[in-house]
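Novice: Have a look at the structure that comes next, please.
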Protein chains: 2
Amino acid sequence: MKPVNVGLLGLGTVGGGTAKVLSRNAEEITRRAGRGIRVVHAAARNIDSDNRPMGTEEAVLTNDAFEVVNNPDVDVVVELIGGYDLARELVLKAIENGKHVVTANKALIALHGNEIFTAAQEKGVMVAFEAAVAGGIPIIKAIREGLAGNRIEWLAGIINGTGNFILTEMRDKGRDFADVLAEAQALGYAEADPTFDVEGIDAAHKLTILASIAFGIPLQFEKTYTEGISKITSDDVDNAAQLGYSIKHLGVARSTEEGVELRVHPTLIPQRRLIANVDGVMNAVLVKGDAVGPTLYYGAGAGAEPTASAVVGDIVDVVRTLTSDPENRVPHLAFQPDALSDHPILPMEEIETAYYLRIHVSDKPGVIADVSRILADQQISIEAILQKEQPADADWVPVIMLTHRIREKQMNEAIKQIEALDTVKEQVVRIRLEALDSE
Amino acid sequence: MKPVNVGLLGLGTVGGGTAKVLSRNAEEITRRAGRGIRVVHAAARNIDSDNRPMGTEEAVLTNDAFEVVNNPDVDVVVELIGGYDLARELVLKAIENGKHVVTANKALIALHGNEIFTAAQEKGVMVAFEAAVAGGIPIIKAIREGLAGNRIEWLAGIINGTGNFILTEMRDKGRDFADVLAEAQALGYAEADPTFDVEGIDAAHKLTILASIAFGIPLQFEKTYTEGISKITSDDVDNAAQLGYSIKHLGVARSTEEGVELRVHPTLIPQRRLIANVDGVMNAVLVKGDAVGPTLYYGAGAGAEPTASAVVGDIVDVVRTLTSDPENRVPHLAFQPDALSDHPILPMEEIETAYYLRIHVSDKPGVIADVSRILADQQISIEAILQKEQPADADWVPVIMLTHRIREKQMNEAIKQIEALDTVKEQVVRIRLEALDSE
């Protein structure tokens, strides 16, 4: 089956990221979508054909975005230029031309979504916008499909990474708002004009979208109450912490009998809540459904590849719909049945993790040296040792060791030798340890 | 358009919950799916027609599950009886009869999924199983669709609520495994025979499914390494905590060049990770994609209505596919365009929240009394007061108050009066406070 042709509007951070992810993961994406996806046409303000982003090698480049939406070979238009007016015009033109549209543009959807969706409906094309809210977190899909059995009662989200970075730094380092903002601008987390982020307008765009799909109401950005974080002082952050709260810039939407609450403002939330511990530029959305109870979705809310993850997810959704019978739209195991891999499952001995060891040793000199020597012989480094004080008459004392990562078979050998020592009693207790970082 | 007819196999905890959620949320579900959904036939071991679960009022009840799968009026069979053999037979028969299938049965999918999916593919029917992993968390949809642009590198999940409840109690109360298990059994969190939960078999079923959809490999339950939590002592839990770790019963799947790791075992994880703070019966899955980075999905992993949430979400998925053109399968705003509601957006004055107030008062007797009186007159109760020590010569001191929930317009009035006091300087700083609990 011939590949689906994508036309990209914008080759900036997200546009470049999207081309790169489509290209780098082409093999897996094809196995999932049942069909190749290629960028055939891309528009950017400044074209540099000698310096193309990865994944646009085969594409025609132009600085006229209308060429892309009018190109009869383009099946899916991906709008990543941002802003309101030009983006609206391009998207409506693409729809008029019978093309499916994927966009990451929250402002566009929050302000012109009602008009765009009506046009798409009439024309029978898809408009997908997962990337418009919370970057790489598939929150639109979760609410619109995963929680479709629920009456959504309320949702609350940290949906602006810049604001969350600033509040996190204010708390962790006792710094002032203006000071942290300047740093965020230097780091590229905040725009030169930070109004959209710190005054909550960006969050209000996203909240408008979330509230509509949660409660089934039209998009009503203009009715969203919006208050920024620029007046929060580091004293407020301190006081809140002393009382057991974190201050987060939340978007809150709640459906009550009287009406719908739609509001973005700084908010104290109890530190014991998971969402109170979502720090730095990360985003999270807490959704309360009447059947499911509270659920939380966490991930990177911005950045080239996290946003591209959502854009490409939407493209795959469109391609799956174009490619399969409706009943087979999503393969049971995500990948097409004839594209499953025979990558082997590893036996446990071949797996590498770190370890917690509890060893009962006799309270005599030299035992720790013997154990450490056995570990060293198996190339196992010790990360930490914990030996608690024991009653004076205890003959056997537990020693706790944390090791660095090592293959399980080497640990098995070391444990066998340690258990053979006269100065070690009982079996060695071994619990695996995972840092779960983003290595 | 005529309603879609559901046949329920099983009217126990999850079956009863599913009928109840379908019935209670019928109006919203119809607005989302574009079509009514009704239970027309239900099978249970013991039928009590005088004591029907809510939502089965119109259904024919039977104790012969094959009657349901052979009923030509049934469009979607929902399998909630659990177990392997009978469930397999019923599901294969339903597929043979051309019915779509929704199941919450992790054992069935982990062991017989390859066979079932092949049969469904040949017959052109859908088999959906969101409820089989992590209860109400839409994790299958997130990985299979939302993250479809990523190469999934690894995932790690707390996917058995019973085990997590036991480990949480051991940590929080310093209790022993056997002791907590007995309590969990008394509370109904653990089965009389707890082997499936505490020895990790249930988690291994779920991990098998997650790994397949993450990496595109066939279901291979028999190759999953499985180790339970019954040998963890409260000393181990203590030692881990002292070193900065929590012990969680994790399912870990990782794709490496050599092969795929598939393992369920107790695991030390750093306390600073969000997933280390997922406590009690709650579940969470951390998924690392190459583009999106780490993402986390959190919610109730078991229970009647959380599981029903996933089952009904799957039914809506099936009904949307049966009802709409592929391009309009999921409405842009989740609800059908002609079913959006005109529920009003509330003005901010009508919203109720709790508040943090920072008031700069003159350091004289009676000021707190004046402020408290104004708050009381507006029906505002004070939850906490924080007044920090100030330099002896300070004329003005900040007083922090947390209030209970009150309507914003009453708070506005109170703040106006407080600011008018001679003994209060500057504007009162007000930050809203949300407990984000499951009221």
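Glycine is treated like the rest: Cβ placed from N, Cα and C.
Pasting the feature list from TrEMBL:
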BINDING   A:L9, A:G10, A:L11, A:G12, A:T13, A:V14, A:G15, A:G16  NADP(+) binding site
BINDING   A:K106  NADPH binding site
BINDING   A:E191  L-homoserine binding site
ACT_SITE  A:K206  active site, proton donor
DOMAIN    A:356-432  domain 'ACT'
Novice: Tell me, what is the mean pLDDT of the domain 'ACT' (A:356-432)?
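Specialist: Mean pLDDT for the domain 'ACT' (A:356-432): 93.
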Novice: Calculate the distance in Å between the alpha carbons (Cα) of the residue listed as 'L-homoserine binding site' and A:T13 (NADP(+) binding site), and round it to a whole number.
Specialist: 13
Novice: When a 10 Å sphere is centred on the Cβ of A:K106 (NADPH binding site), how many other Cβ atoms does it contain?
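Specialist: So the number of other Cβ atoms within 10 Å of A:K106 (NADPH binding site) is 26.
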Novice: Tell me the Cα distance separating the residue listed as 'NADPH binding site' from A:G15 (NADP(+) binding site), rounded to the nearest angstrom.
Specialist: 15
Novice: How does the domain 'ACT' (A:356-432) divide up by DSSP, counting helix, then strand, then coil residues?
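Specialist: The breakdown for the domain 'ACT' (A:356-432) reads 23 helix, 32 strand, 22 coil.
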Novice: About how far apart, in whole Å, are the alpha carbons (Cα) of A:L9 (NADP(+) binding site) and the residue listed as 'NADPH binding site'?
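Specialist: Distance between the two Cα atoms comes out at 15 Å.
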Novice: Inside 8 A of the center formed by the CB atoms of A:L9, A:G10, A:L11, A:G12, A:T13, A:V14, A:G15, A:G16, which other residues of the chain have their CB, for the recorded NADP(+) site?
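Specialist: What remains near the Cβ centre is A:L8, A:G17, A:T18, A:A44, A:L80, A:I81.
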Novice: Within 10 Å of each Cβ, count the other Cβ atoms, then let me know which of the binding-site residues A:G10, A:G12, A:G16 comes out lowest.
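Specialist: Output over binding-site residues A:G10, A:G12, A:G16: least Cβ neighbours within 10 Å is A:G12.
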Novice: About how far apart, in whole Å, are the alpha carbons (Cα) of A:L11 (NADP(+) binding site) and A:K106 (NADPH binding site)?
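Specialist: Here the two Cα atoms lie 18 Å apart.
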Novice: Give me the non-local Cβ neighbours of A:V14 (NADP(+) binding site): same chain, 6+ apart in sequence, Cβ-Cβ under 8 Å, ordered along the sequence.
Specialist: A:L80, A:A104, A:A131, A:A304, A:T307, A:A308, A:V311
Novice: Cα-Cα separation of A:G10 (NADP(+) binding site) and A:K206 (active site, proton donor), in Å?
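Specialist: That comes out at 21 Å between the alpha carbons.
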Novice: Reduce the DSSP letter at A:G15 (NADP(+) binding site) to three states and note it down.
Specialist: helix
Novice: Between A:K206 (active site, proton donor) and A:G12 (NADP(+) binding site), find the distance joining the two CA atoms and give it rounded to the nearest Å.
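Specialist: Just about 21 Å between their Cα atoms.
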Novice: Measuring Cα to Cα, how many angstrom lie between A:T13 (NADP(+) binding site) and A:K106 (NADPH binding site)?
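Specialist: Pair distance, Cα basis, whole Å: 16 Å.
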Novice: How many Å lie between the Cα of A:K106 (NADPH binding site) and the Cα of A:G12 (NADP(+) binding site)?
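Specialist: Answer for this pair: 16 Å between alpha carbons.
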Novice: Quick one: of A:L9, A:L11, A:G15, A:E191, A:K206, which of the recorded positions has the smallest count of other CB atoms within 10 A?
Specialist: A:E191
Novice: Using a 10 Å radius around its CB, how many other CB atoms surround A:T13 (NADP(+) binding site)?
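Specialist: The answer is 16 other Cβ atoms.
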